[in-house]
Amino acid sequence: MCEVAMGEQDGEISDVEQCSSVAENGVMLVVNHSRARPPLSVVLATVLYCAEFITAAVLCSMYHHTEDVIWMSFTIVFMLVPAVLIQLALTFIHRDLGRDRPLVLFLHLLLLGPVIRCFEALVIYFKAGKKEEPYVTISRKIKLKKGTGTEMEWEIGQTERILATHRNAFKRTAVIQAFLGSTPQLTLQLYATIQEKYILPTRMVLMVITLISITYGALVCSVLAIQIRFDDYKLQLRPCAYLCMIVWRGLEIATRVTALVLFSTALTHWTILVGMVNLLFFFFLPWVEFWARKGSLTENVENNFSKLDTVVVLCMFTLLYACINIFCWSAVQLDLTHQELIEKRQQWGRLAMYYCGRFIENFLLITLWYFFKSDFYEYVCAPLLVVQLLVCYSLAVLFMLLFYQFFHPFRRLFKYNVHDCLHCVCCHKKRRGEQGRRGKPAHSYSTSATMVVGAEEPVELLDTQGSQPPDLTSQLGEREMAIVDDMMEAA
């Protein structure tokens, strides 16, 4: 007997006792004999949905009693819009429109879809293991251990498959809730707190819940991006990796929201322009790339969809993508010509451009607030606040780099790493200057490199303990030149 943790993409079975055997083709076959993992992600997403919805409803009633019509109206909008979209997403993923389930559809109309779905998942989980069931499919994954990949097969039963569907559905709803509801809600309530110059306990509770929801949604985006890019491998994230991602995403989102709110208190009307420019840029970016590639729309969104239905779904998808990128890095790039709508190749140049551009934008927003701030901040050390916000965003970038350098579950599959990227870019600029002065090429002394292997490239497992080749300087020089060329191509 052995314990194996299955990936979350298809199997979604956790640490369970299993029997394993090696088949004739060298593939290890794993047969499950115990119960599946509890659907904790489903419960967490449901709790966040209910907590935010109920708290926002209570806050709306308080705004109604104090006749704060503007705050009440926007709070209702940011409460209902994501709730409705979540009901549509759950109905679409589970394909309930073609099934005879009137009670479930009625609860969706009452905006209680996540509650009934969570209840279904818990019932399935507690009933699992009471009787033996035949497997319905086989999932083949590669398990990495100390840089060595072992191809394994898992027999997936009906219960595990249904729970996997629920988990995948709630991952999507968590992202919708976070970036179409929680982020504008948090921005609104923080702005209302500053404008009214007092802290309302209910409003503070709502802001804490929305910040947790946004951080969780961003965490889900990062994990989904890893699963999509390394679909052939079994995903196992350590607790320190989750902690690093939570700090990275929490600092990034908190700093971004604070910068936008401070800017809006000083130059309110200009905030609309900043928000619309960001939204339109990220919304049309995938469509411009689609037009530049002269591709055709994917036909695998849904079998019975017409062209118009496909365009509507893709527009909603790009709207969500744009809303994510307004507040934090989405971790994925859209490719409307691809079957999964996601670009599997990691474009490090675009990631660097995003964080550099966002840092400059946050700096400009905070600087403009500093020069045009109201008298409300006369008792606040404004220069210190500016420095704190910039330092917090820099720390977010630092934790992001630490994650990719040390805690990424598939960092052993990286052809190059983060340290090598920073080193090679600096050395490349330095060597160019020396070549211009001396008139001859300079040899490289770096032992590193930087970019992640693309989806279409062969995967290399790096042997960091191996001996160096005889012609070290020439090969390393060529590697650094290849790194910079890859970065320029990705950008």
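Using the three backbone atoms N, Cα and C, a Cβ is placed for every residue, glycine included.
Annotation source TrEMBL lists transmembrane segment at 42-64, 70-93, 105-126, 204-228, 269-290, 311-332, 352-372, 384-407.
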Inset, instruction - Answer yes if the transmembrane segment (204-228) and the transmembrane segment (70-93) have at least three CB pairs under 8 Å among residue pairs 6 or more apart in sequence, and no otherwise. - result: no
Inset, instruction - Please give the sequence-distant neighbours of the transmembrane segment (311-332): residues at least 6 beyond its ends with Cβ less than 8 Å from one of its Cβ atoms. - result: 175-176, 179-180, 183, 214, 218, 221-222, 224-225, 228, 249, 252-253, 256-257, 275, 278-283, 286-287, 297, 301-302, 305, 341-343, 351, 354-355, 400
Legend entry - Top Cβ-contact partner of the transmembrane segment (42-64) among 70-93, 352-372, 384-407 (pairs under 8 Å): 70-93
Legend entry - Sequence-remote partners of the transmembrane segment (352-372) [C-beta within less than 8 Å, at least six residues beyond its ends]: 255-256, 259-260, 262-263, 265-267, 274, 325, 329, 382-383, 386, 389-390, 393-394, 397, 400, 487, 491
